[in-house]
């Protein structure tokens, strides 16, 4: 997969160099702030998801193990890919360290880890859709359990490593205008242009088109199954409202998962395909801007995945509150109710005792009247 380097092939196969990205200061600051926020969200969100699942025994289910595995892939993406990219954005260019043995090895490992962690996240997202499909549509089959899930996670990582292994050859550090860049170059063992195009098509099919199609089909069936369920017997209006609210939450979560995956990776794949199969974009202008936007959205998916479950799952929300609890002031409330009734009203005084960040007690009191 093409790396966001500063050199691409032009119309005649010659190399056009873009040693530095010329951005306005405003655009540079906006890009930097947005990307740093994405990096922080990916680091905090995925670390929180992993901690919540392994901290609480009741959270150790087959589904949550898959969610934790996806969080591991997204966390690797954040640490190994996004943090170096954030440094490059702050520096204003994407030069590699050097073209020495260390530079060549680090380039290969960088591209390989980036591709394998991205594949792990996508394959796990697909496995989650399959797991949910069997759990909802065929609940009595018990296809997925914790033991099988562990094997499935191993298969996911083997598939991710296999899909990324070509980068161990193709990733190279090359010098353009005196600056080193970490690039995808299939020469001399293969035809550079043809091999890159083939790899782009295979990556698009395996890492975007097929997963998106499969996830969309499975979640559509799940939505139809869940939406058609009714409470057996004579359901009360309150129970029916509770069921309908649960259905809406499931619908929102599944649609959010599909849309986040589809939209976040679309621009990145579109950019790579256009660069490989057309020559209509300026190599140092529009294509670089599109590539930046594409990878920005692609990396944002590593932050969005964990946020989806933190937002829609009550158990994960409780876990986040436990994590943030030490950072918040302790609050205890004492309810003091007098014995005086005035007509049908009950007057009560609530004294709210809090501790500020220095540990000093604070007290506030106010009255409420319950009619």
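In case you wondered, yes, glycine gets a Cβ from its N, Cα and C as well.
Remember, TrEMBL labels are computer predictions, not curated facts.
Copied over from TrEMBL, here are the features:
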type	residues	note
TRANSMEM	33-54	transmembrane segment
DOMAIN	45-309	domain 'G-protein coupled receptors family 1 profile'
TRANSMEM	66-89	transmembrane segment
TRANSMEM	109-130	transmembrane segment
TRANSMEM	151-171	transmembrane segment
TRANSMEM	198-222	transmembrane segment
TRANSMEM	250-268	transmembrane segment
TRANSMEM	288-312	transmembrane segment
Sequence-remote partners of the transmembrane segment (66-89) [C-beta within less than 8 Å, at least six residues beyond its ends]: 4, 28, 31-32, 35-36, 38-39, 42-43, 45-47, 49-50, 53-54, 95, 110, 113-114, 117-121, 124-125, 127-128, 131, 149, 152-153, 156, 160, 295, 299, 301-303, 305-306, 309
Beyond the flanks of the transmembrane segment (33-54) by 6 or more, those residues with Cβ under 8 Å of it: 60, 64-65, 67-68, 71-72, 74-75, 77-79, 82-83, 85-86, 89, 296, 299-300, 302-303, 305-307, 309-310, 315-316, 319-320, 322-323
